[in-house]
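Each remark here refers to the structure printed beneath this line.
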């Protein structure tokens, strides 16, 4: 167990109620859907006719095992207790580099070899996630500071009050989140017939994924004493809802990038 269960009884009660309500709503909505006749069309990953995006998502998921394992080891052994600002920068920056450098130095991993650099989906995905994560760290983090009274206490070089290591950490976190959301949205889109009920169900699932992602990140980071909250009840319940707004916007936006293999490819400018 790599996180401390710091929730009060009232918080646990509220969280159970929230997730039970989410589950019941999704089950009820799923009963209104109609499956497509051809079950082979149902996909978690992009099809072979969208090889670059498929390979990129597989690469993002595969590398997630590495950085999650590294973080689990650091938190589980409390190695962070001996970290200074250089250690944080090296660890977070080092774990982000494989994602950031892969489109440049190893495009074959994502079936992008031979393509012009700016047309590689792996590059577009990295640019999109990095910009989105940078905006969130630079501006949105101050919502946590000012409203939820959260604070970073780790040593580090700051950019607008946020340790630089967190900008890199956000990149590999968000690469993982957004590939998972792509898989879920795609599974719904390819499994069920197009209808207003599918649209409603997809929207509801995105809302549920967004809240769950925000909550789970907050819960798991509770093991890290250098990220502190004044009111954990508010953070776990209301704070997760406000953080979820970020993903409500980003999950469907990221999914659209080069999703239709028959449609025009997104340019790097359009992606950004």
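From the backbone N, Cα and C atoms, a Cβ is placed for every residue, glycine too.
Residues annotated as transmembrane segment in TrEMBL: 12-33 (among others).
Sequence annotations record features per position, and here TrEMBL assigns transmembrane segment to 58-80 (among others).
Taken from TrEMBL, the feature transmembrane segment applies to 86-109 (among others).
Here the transmembrane segment (121-140) has Cβ contacts under 8 Å with residues 52-53, 55-56, 59-60, 99-100, 102-104, 107, 109-110, 112, 159-160, 162, 166-167, 170-171, 173-175, 178, 246, 250, 254, 257-258, 266, 268, 271-272 of the same chain, all six or more residues outside its ends. Annotation source TrEMBL lists transmembrane segment at 121-140 (among others).
What TrEMBL records for 160-180 (among others) is transmembrane segment. Proximity of distant same-chain residues to the transmembrane segment (160-180), defined by a Cβ-Cβ separation under 8 Å and at least 6 residues beyond the stretch ends, is recorded for 57, 60-61, 63-64, 67-68, 85, 88-89, 91-93, 95-96, 99-100, 125-126, 129-130, 132-134, 136-139, 141-142, 145, 152, 154, 209, 213, 217, 247, 250-251, 254.
Among the features that TrEMBL reports, transmembrane segment is placed at 200-221 (among others).
The transmembrane segment annotation in TrEMBL covers 233-255 (among others).
Under 8 Å from some Cβ of the transmembrane segment (86-109) lie the Cβ atoms of residues 55, 59-60, 63, 66-67, 70, 74, 115, 117, 120, 122-123, 126, 130, 154-157, 163-169, 171-172, 175, all in the same chain and six or more residues away from its ends.
Below 8 A, the CB atoms of the transmembrane segment (200-221) and the transmembrane segment (58-80) form no more than two pairs separated by six or more positions in the chain, fewer than 3 in all. Distant neighbours of the transmembrane segment (233-255): 7-8, 10-11, 14-15, 18, 125, 128-129, 132, 136, 140, 143-144, 147-148, 150, 174, 177-178, 181-182, 185-186, 206-207, 209-211, 213-215, 217-219; these residues of the same chain sit at least 6 beyond its ends, with a Cβ under 8 Å from one of its Cβ atoms.
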